[in-house]
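Trainee: Marked as Zn(2+) binding site by Swiss-Prot on the basis of similarity to another entry: His38, Glu192. If you look up Swiss-Prot, you'll see Cys71-Cys183, Cys200-Cys208 marked as disulfide bond. Per Swiss-Prot, the feature signal peptide maps to 1-22.
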Amino acid sequence: MGQVFLLMPVLLVSGFLSQGAAMENQRLFNIAVNRVQHLHLMAQKMFNDFEGTLLPDERRQLNKIFLLDFCNSDSIVSPIDKLETQKSSVLKLLHISFRLIESWEYPSQTLTISNSLMVRNSNQISEKLSDLKVGINLLIKGSQDGVLSLDDNDFQQLPPYGNYYQNLGGDGNVRRNYELLACFKKDMHKVETYLTVAKCRKSLEANCTL
């Protein structure tokens, strides 16, 4: 009987610590989701502003090219649809989000297009990406259970970003800017989706459907 009473304070302390860790985890998830939502909105606005500088025919042509082309970050294996996203583990979604954010650390520093909004926001974007990367890394450490059940393909090397647009034609500068902004918007939407699903799972909500 005495042993039971001795164990009770230990169990209570353990319970409080677990509850505190869960609350801190949710706080970090809230911050991460808010930051990527802001990045996604910025990406959407910059893309729309850039499209507004193009002629209608030019915009349609670039859109057709982009649909047939691919983003540098497409080398990162990620869920292909909502169903696969929902089936993915929290840890896998966090790792993919980390890789996607990491893939934009260098390109975000080279977004020097004629659009004054882009120039003004380039440093701010780099800082926000860096902060988000640190936050996701903390979430990964807090979610690890000692076993990473990720495929080898999830860790494949990204191609050098500097060579990604080297084969563009004479209108390469406009096309490069269009693809950079379109890919950035696309990837921020992906990360927002993955972090939102992961946050929902960690909060034990009944419905985490997209």
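Every residue gets a Cβ built from N, Cα and C, even glycine.
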Trainee: Given His38 (Zn(2+) binding site) and Cys208 (disulfide bond), what distance in Å do their CA atoms have, once rounded to a whole number?
Mentor: 21
Trainee: Express the distance between the Cα positions of Cys71 (disulfide bond) and Glu192 (Zn(2+) binding site) as a whole number of Å.
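Mentor: Distance (Cα to Cα, whole Å): 17 Å.
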Trainee: Going by C-alpha distance, which of the recorded positions Glu192, Cys200, Cys208 is nearest to Cys183 (disulfide bond)?
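Mentor: Considering only the listed recorded positions, the nearest one is Glu192.
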Trainee: Secondary structure at Cys71 (disulfide bond) (DSSP, helix/strand/coil)?
Mentor: coil
Trainee: Relative to the Cβ position of Cys183 (disulfide bond), how many further Cβ atoms are located within 10 Å?
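Mentor: I count 23 other Cβ atoms within 10 Å of it.
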Trainee: What does DSSP assign Cys208 (disulfide bond), in three states?
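Mentor: The three-state answer is coil.
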Trainee: Write down the Cα-Cα distance for Glu192 (Zn(2+) binding site) and Cys200 (disulfide bond), rounded and given in Å.
Mentor: 12
Trainee: Can you check which residues sit near Cys208 (disulfide bond), meaning Cβ under 8 Å from its Cβ, same chain, 6 or more apart in sequence, and list them in order?
Mentor: Gln86, Val197, Cys200, Arg201
Trainee: Near the Cβ of Glu192 (Zn(2+) binding site), how many other Cβ atoms are there if near means within 10 Å?
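Mentor: Counting Cβ neighbours of Glu192 (Zn(2+) binding site) within 10 Å gives 20.
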